[in-house]
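Data block below; observations after.
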Amino acid sequence: MSWQQRVDDALTARRATDTLRRRYVVSQGAGRWLVANGRQYLNFSSNDYLGLSQHPQIIRAWQQAATRFGVGSGGSGHISGYSVAHRALEEELAQWLGYPRALLFISGFAANQAVITALMKKNDRIVADRLSHASLLEAANLSPAQLRRFIHNDTQHLSRLLQSPCVGQQLVVTEGVYSMDGDSAPLAEIQHIARRHHAWLLVDDAHGIGVTGDEGRGTCCQRGVKPELLVVTFGKGFGVSGAAVLCSESVADYLLQFARHLVYSTSMPPAQAQALSASLAVIRSDEGRERREKLAALVQRFRAGVNASRFTLLNAHSAIQPLIVGDNSRALRLAEALRQQGCWATAIRPPTVPVGTARLRLTLTQAHEACDIDRLLEVLHGAGE
C-alpha cells in the first residue's frame, strides 16, 4: 500500500462512519456568544467555564506584560525562557494548592505526556481509568511500562489490577472531572487503594481546577485528596491556556532533568504567565466565588429542565453536560438542528468516545444567563426525535 493509499483509506473510513472531524472558522469562539459566518449563536461548546477569557483585568495583565517582556519567551526555560513572571506563577500555584513545587507546561497534553514518559520504566505498571484523556493513555501506551485499564470509576476493578504482582512501581491515573462524561472520579477511595498498594496517584484535574472546591482549588481539594502528581490546565476555568504539574521538591527536580517536553520546548510567553497570575487572583476572590455559584445554578437549571426530555442525561454535575444520542449520524443531525435554531453545540463521536455513545457535549459557562439555558432546553425539546 502506498503512502497516498494509506491516507485516502483512513479518510474514507472516517467518512463512511460519520466520524470525520472538521474545524469551523469562527470570529468569536469563547464566551456567551459564538460568531461564525456572520451569524451569532448561543455558545454551548466553550470550555471557558468561568468566562475569564474575556475578563478585562486578565486582558490588561497580558497587554501590560507583553509591553514589558515582548510576545515570546525566547527559548526553553532551561536556556533563557524562565522569567520572573513564570517563577511568580509557579510559586503562587504551589502555595494555592498546597504543594512544595509547581512546574509550568505549554499544554495539558504536554504535561501529561511529560510526566508519564519521564517517570515510567520497564517493569513498571500504569493502571488508568479507561476513560482517561487521550494524552494520558497515549503516553502510557508509548511508555515501556505495562498499561492496564480499569472499568470507569470501578474501584474494585482497580484494586484487583493493583493486587497482581508487579516487579517495578505502579502509577494510578485518573481525572478529577471527565471531559466527555462530565462526571467525577471517587478520588478518596482511589487514593486509599493506591496507597494500600504503594502506588503513586496522578490526577488530571483539567476540568475541575478553578471551578470546584474552596477558592476554586479543584476536585482534589473538594474531596480532601492530595495525589503525588496533580496536573492542572489553564484553558478551561482559567480562561487562558497552558498547564502545571504540582508535586514534591524531588519530583520537580527530577522532571526538570528528565521531562523532555519541558526541556526541549519553548516556554509559554511571560505575558501569558502574568495573565494566568491575574486569572488566579480573580478565581480566588469573592468575584471568583460568585462566578462559580452562578455556574452551579445554571447547571442545576439545565438538569432540572432536560430531565423531562427524551435524551439520556449522564450523572454529571459539572459544567460538562453530555446528552447521549448513540448513533453518529443522529448526533450530527441534532447538532445541526440546534445550530439552525441559534445554539452552537458539538457532536462528539468515536474514537473520542466509545462506539454507540455519540453525544452532544454541551458545556455551560458563567457567561450564560438563565434565559440562555431556557432557550437551549426549548430547542432541545423541539429537536428531539
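Note: Cβ is positioned from N, Cα and C throughout, glycine not excepted.
In Swiss-Prot this protein carries:
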BINDING   Arg21, His133, Thr352  substrate binding site
BINDING   Gly108, Phe109, Ser179, His207, Thr233  pyridoxal 5'-phosphate binding site
MOD_RES   Lys236  N6-(pyridoxal phosphate)lysine
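Neighbour density at the Cβ, taken as the number of other Cβ atoms within 10 Å, is lowest among the binding-site residues Thr233, Thr352 for Thr352. Only Lys236, of the recorded positions Arg21, His133, Lys236, Thr352, have a C-alpha within 10 angstroms of the C-alpha of His207 (pyridoxal 5'-phosphate binding site). Using CA atoms as reference points, the recorded positions Arg21, Lys236, Thr352 were checked against Gly108 (pyridoxal 5'-phosphate binding site), and the closest is Lys236. Rounded to a whole number, the C-alpha distance linking Phe109 (pyridoxal 5'-phosphate binding site) with Lys236 (N6-(pyridoxal phosphate)lysine) is 13 angstrom.
The secondary structure of Lys236 (N6-(pyridoxal phosphate)lysine), as reduced to three states from DSSP, is coil rather than helix or strand. Same-chain residues that are not part of Gly108, Phe109, Ser179, His207, Thr233 yet have a Cβ within 8 Å of the Cβ center of the pyridoxal 5'-phosphate site turn out to be Asn112, His133, Ser135, Asp204, Ala206, Val231, Gly235, Lys236, Ala243. The record assigns Arg21, His133, Thr352 to the substrate binding site, and the maximum Cα to Cα distance across that set is 18 Å. Between the alpha carbons (Cα) of Thr352 (substrate binding site) and the residue listed as 'N6-(pyridoxal phosphate)lysine' lies a span of roughly 19 Å.
Spatially close to His133 (substrate binding site) yet at least six residues away along the chain are Gly108, Asn112, Glu175, Ser179, Asp204, Ala206, judged by Cβ distances under 8 angstroms.
For the binding-site residues Arg21, His207, the greatest number of Cβ atoms within 10 Å around a candidate Cβ is found at His207.
The least crowded of the recorded positions Phe109, Lys236, judged by other CB atoms within 10 A of its own CB, is Phe109. Neighbour count (other Cβ atoms within 10 Å of the Cβ, all protein chains): 21 for Ser179 (pyridoxal 5'-phosphate binding site).
Using a 10 Å radius centred on the Cβ of Gly108 (pyridoxal 5'-phosphate binding site) and all shown protein chains, the other Cβ atoms total 26. The record assigns Gly108, Phe109, Ser179, His207, Thr233 to the pyridoxal 5'-phosphate site; their largest pairwise CA distance measures 13 Å.
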